[in-house]
Amino acid sequence: MIEPLQPGDPGRIGPYRLVSRLGAGGMGQVFLARSPGGRPVVVKVILPEYANDDEYRIRFAREVEAARRVGGFHTAQVIDADPTADPPWMATAYIPGPSLRKAVTERGPLYGNNLRTLAAGLVEGLAAIHACGLVHRDFKPSNIVLAADGPRVIDFGVARPLDSSVMTQSGAVIGTLAYMSPEQTDGSQVGPASDVFSLGTVLAFAATGRSPFMADSIGEIIARISGPPPELPELPDDLRELVYACWEQNPDLRPTTAELLAQLSTDHTGDDWPPPHLSDLIGSMLPLGATTSPNPSLAIEPPPPSHGPPRPSEPLPDPGDDADEPSAEKPSRTLPEPEPPELEEKPIQVIHEPERPAPTPPRPREPARGAIKPKNPRPAAPQPPWSPPRVQPPRWKQLITKKPVAGILTAVATAGLVVSFLVWQWTLPETPLRPDSSTAPSESADPHELNEPRILTTDREAVAVAFSPGGSLLAGGSGDKLIHVWDVASGDELHTLEGHTDWVRAVAFSPDGALLASGSDDATVRLWDVAAAEERAVFEGHTHYVLDIAFSPDGSMVASGSRDGTARLWNVATGTEHAVLKGHTDYVYAVAFSPDGSMVASGSRDGTIRLWDVATGKERDVLQAPAENVVSLAFSPDGSMLVHGSDSTVHLWDVASGEALHTFEGHTDWVRAVAFSPDGALLASGSDDRTIRLWDVAAQEEHTTLEGHTEPVHSVAFHPEGTTLASASEDGTIRIWPIATE
């Protein structure tokens with residue numbers, strides 16, 4: 001609501017006289033004001049406590065610059081600004097009109113040529129933004145104002161230059177979840193194609209009155225965004241095809257704004273604006289200059305027309321009352337279905353971290369960065385008595401409080417006017433992985449005689465772990481783009497290997513321990529000389545994140561699986577690609593060599609395990625998993641069995657016959673990691689339920705449950721002697737557990 005000025009509010013900012021409040025946020029205030037000539041303006045002011053922070057001033061200046069670069073034809077034009085003032089402020093033109101969200105929610109969806117005109121106007125706006133070298137990154141219904149002359153795009157608080165490499169922590173994801181692109185949700189590079197994906201989502205909302213990817217949980221929304229597109233019977237065929245094109249998972253396959261404009265201009269003049277059922281709502285917005293009241297109303301809405309859709313206070317008509325089904329070219333008589341308000345339009349700040357599949361959706365995201373925690377997460381497990389208190393690293397946060405905190409976008413909707421402002425603040429520690437001094441044993445300690453697990457901690461998420469063949473070294477991969485190598489006996493960090501430019505997802509030692517392989521979100525596989533702590537080779541060929549790697553038993557080959565849907569074999573001696581293993585239709589999560597080195601197995605989100613001949617690269621067999629996702633894989637030491645993890649179960653296969661042998665049940669969430677003990681008697685599994693479970697393979701029953709991690713477990717590895725087990729978790733720890741074999 002519009003409120004009177006409060007005691008302590010400034011009477012004037014720059015040359016603008018403030019007349020009322022439009023909204024307050026955690027870091028700023030938005031006022032209604034008048035220019036010296038009496039024109040209505042909206043003034044955004046940063047609170048003094050944040051104005052004293054140089055980082056805030058820089059970010060605010062960037063927002064001003066972004067809005068100015070685009071200009072006023074497609075946006076709320078910046079009239080004036082002073083980012084160096086005390087406090088910093090920006091004045092923008094007042095645009096009479098409701099937000100798209102308000103209009104559709106209160107009056108119903110758009111249809112036919114009205115929808116096409118909206119689409120063309122939005123594409124023009126995005127084209128102008130992209131032509132200035134910017135990406136909006138928060139394109140959604142509440143950031144679109146329906147003015148009398150067409151739609152306007154507002155809020156450049158999260159817009160970012162295409163060539164910008166500063167101002168946001170690497171891997172940070174910004175935006176509103178239900179309108180994000182797949183690359184936004186997992187922290188990938190975001191370009192103009194990301195806005196095009198969001199455009200498709202906005203048009204689907206405008207045509208149906210509901211967010212197409214909305215679901216009951218945040219995890220489900222993520223899964224829907226990266227899954228098959230929903231059906232849209234409400235859209236005419238041409239617009240449905242356009243929206244589906246915008247929703248291509250591969251950003252390179254989405255149409256450009258120029259291509260979209262060319263399609264929308266065919267057989268359409270653009271004269272259908274404003275939509276008839278919205279004309280009174282758009283026309284009712286009175287210019288502020290029309291009143292001299294000290295607290296003028298921005299909008300006066302007349303009673304709804306008798307022929308229009310029902311108002312929200314009226315009962316919704318029963319769909320059964322209509323004899324005819326509503327067509328794609330005429331409005332539905334029902335108002336949009338209500339969406340869960342806490343998920344639909346609440347912007348979030350996402351700190352890039354390894355992603356975990358949601359517990360319930362049919363198609364989880366890869367075990368990758370960018371997982372959003374549920375709105376009501378499980379209570380954190382208490383720290384065991386031997387573990388000292390530690391500061392948790394930043395996680396995905398859904399910021400939905402009325403008083404915004406650092407990183408929240410505040411959108412103020414008052415009588416049809418939407419004014420949005422954004423100020424970001426967050427820091428991510430760059431502290432390297434380090435042994436926890438309170439639990440690390442002395443150099444003389446025997447790691448096999450520990451009563452409690454030893455803990456190596458990090459201020460970033462730990463996502464990969466591997467023992468060297470002799471068991472003296474432990475390697476770990478994390479979100480800091482580094483590989484860390486520790487001495488197992490002392491807990492001292494021996495090496496930090498630098499070279500990857502993104503998350504290190506997987507690590508594996510060669511059979512002789514001389515080399516270490518690593519796979520990363522930078523789409524490369526790298527080989528390292530362990531003794532010299534130097535990079536030996538870089539294998540390039542994948543076009544997306546490398547999710548898993550494995551050394552062949554003789555050390556001559558490295559296998560890799562990627563989000564690009566392929567597995568690849570690399571020749572270690574020559575540094576060349578030996579084979580590209582094609583057949584999966586979705587991400588390849590896991591790869592594993594058979595102990596004799598003749599086969600390599602790959603597991604995919606397509607629900608299959610494929611067995612490949614290493615020498616020829618030909619497919620030998622396909623195992624259809626009972627669950628839809630194969631997230632992790634391992635061969636038994638004798639090669640007779642293959643195990644994979646999926647939803648909340650662990651599945652055991654007979655390799656020779658391809659028959660399923662047993663399903664281990666006990667986990668309550670996705671199983672990201674599996675490993676056999678060196679003697680094959682035990683099977684370890686790590687899960688999003690924050691536990692590691694050991695299973696007796698012969699007895700086909702649970703042996704032990706290891707508890708202590710407070711976040712999902714991404715990787716497990718047995719010590720070569722089988723008496724300890726290492727685990728890596730999103731909680732920032734790598735734990736080395738003693739294993740009782742009796």
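Glycine is no exception: its Cβ is also placed from the backbone N, Cα and C atoms.
Listed in Swiss-Prot:
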type	residues	note
DOMAIN	16-266	domain 'Protein kinase'
BINDING	Leu22, Gly23, Ala24, Gly25, Gly26, Met27, Gly28, Gln29, Val30, Lys44	ATP binding site
COMPBIAS	301-318	compositional bias 'Pro residues'
COMPBIAS	343-356	compositional bias 'Basic and acidic residues'
COMPBIAS	377-392	compositional bias 'Pro residues'
REPEAT	581-621	repeat 'WD 4'
REPEAT	622-663	repeat 'WD 5'
REPEAT	664-705	repeat 'WD 6'
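Restricting the average to the domain 'Protein kinase' (16-266) gives a pLDDT of 81.
Within 10 Å of the C-beta of Leu22 (ATP binding site) we count 24 further C-beta atoms, all protein chains included. Fewest other C-beta atoms within 10 angstroms, among the binding-site residues Gly28, Val30, are seen around Val30.
Sorting the repeat 'WD 5' (622-663) by DSSP state (H, G, I as helix; E, B as strand; all else coil) yields 0 helix, 22 strand, 20 coil. The residues of the repeat 'WD 4' (581-621), classed with DSSP into helix (H, G, I), strand (E, B) and coil, number 0 helix, 22 strand, 19 coil. Break the repeat 'WD 6' (664-705) down by DSSP state and the numbers are 0 helix, 25 strand, 17 coil.
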